[in-house]
Ligand SMILES: NC(=O)C1=CN([C@@H]2O[C@H](COP(=O)(O)OP(=O)(O)OC[C@H]3O[C@@H](n4cnc5c(N)ncnc54)[C@H](OP(=O)(O)O)[C@@H]3O)[C@@H](O)[C@H]2O)C=CC1
Ligand SMILES: O=C(O)[C@@H]1CCC=N1
């Protein structure tokens with residue numbers, strides 16, 4: 001069990017600009033692990049009052065969708081976490097830029113959106129941490145990639161790392177590898193869930209009750225991930241240990257091979273990275289449109 005620090009690790013006002021599933025995953029992790037006090041967390045959205053009420057009652061955070069209050073919160077924040085969808089980023093960043101002072105740290109979780117485009121849309125050389133977390137952060141098992149703009153000093157670098165280290169593992173990468181990382185860990189949980197959906201369905205079709213099929217699938221995925229982590233053995237070596245010559249596993253793997261499983265997964269990761277780049281290009285074009 002993880003030890004809870006008695007006083008919060010971070011003593012900053014953190015504004016989540018966007019209050020959807022990814023913002024909630026991070027906030028839940030930060031608050032459950034007492035990394036930041038609920039009173040220092042502010043979650044803003046555009047319209048859904050119901051959603052804000054839910055977040056306030058669940059976590060005790062401050063919330064707002066009122067334009068005047070939002071402006072005040074944004075101006076007073078030490079850290080602003082951008083957590084809206086890429087399609088909403090252009091307008092949000094253009095409105096945010098004029099409110100900022102140079103020492104406010106921006107942390108973006110927006111897929112595809114580059115640091116250069118963000119600074120262009122903001123119209124300031126703001127220190128920016130570009131991150132790609134995943135939803136497992138909500139239970140402290142996130143995997144987050146981080147890249148820093150050159151304006152990020154050592155203390156802000158540490159601050160960015162602290163936030164995501166509190167909710168899982170972090171890795172610092174060159175910004176131009178962020179789309180590939182998105183294909184692996186940002187979107188990765190969805191591929192695993194999809195695989196689990198199929199395994200559960202197969203169990204049910206084979207006559208297992210839903211509950212049993214689900215429990216067996218969950219434990220199997222959990223156990224397999226832990227085996228890789230704890231034994232230090234390659235997944236391929238562990239796979240071989242499950243696969244008796246001419247046995248049932250081999251028969252199953254042959255079906256996956258016929259469906260080109262290995263290359264299909266690689267193609268999915270590549271397509272995810274490509275889509276992330278496409279989303280980034282759309283936002284860059286919107287910036288260029290304004291520049292000329
Ligand atoms: N979900 C995931 O697994 C991951 C997502 N990401 C990234 O996180 C970001 C958010 O994704 P996700 O949480 O899934 O999205 P959601 O659709 O769940 O949430 C988006 C939030 O942004 C708010 N919003 C939109 N425009 C504005 C605005 N102008 N001002 C204030 N709030 C605004 C929405 O408010 P309202 O509902 O009121 O319009 C909503 O609360 C995306 O950029 C995505 O690329 C990154 C890693 C993983
Ligand atoms: O689907 C998306 O665009 C986001 C990015 C990573 C996970 N979800």
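Glycine too: its Cβ is placed from the backbone N, Cα and C atoms.
TrEMBL does not curate its annotations; it predicts them automatically.
Note that the structure is predicted; figures quoted are calculated from it, not measured.
Copied over from TrEMBL, here are the features:
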| type | residues | note |
| --- | --- | --- |
| DOMAIN | 14-112 | domain 'Pyrroline-5-carboxylate reductase catalytic N-terminal' |
| BINDING | 83, 84, 85, 86 | NADP(+) binding site |
| DOMAIN | 175-279 | domain 'Pyrroline-5-carboxylate reductase dimerisation' |
83, 84, 85, 86 excluded, remaining Cβ within 8 Å of their centroid (NADP(+)):
18, 20, 82, 87, 88, 89, 92, 109, 110
DSSP three-state call for residue 85 (NADP(+) binding site): helix, strand or coil?
coil
83, 84: which of these binding-site residues has the highest Cβ count within 10 Å of its own Cβ?
83
Between 0 and 100, where does the mean pLDDT of the domain 'Pyrroline-5-carboxylate reductase dimerisation' (175-279) sit?
98
I'd like the per-state residue tally for the domain 'Pyrroline-5-carboxylate reductase catalytic N-terminal' (14-112) from DSSP, helix first, then strand, then coil.
50 helix, 20 strand, 29 coil
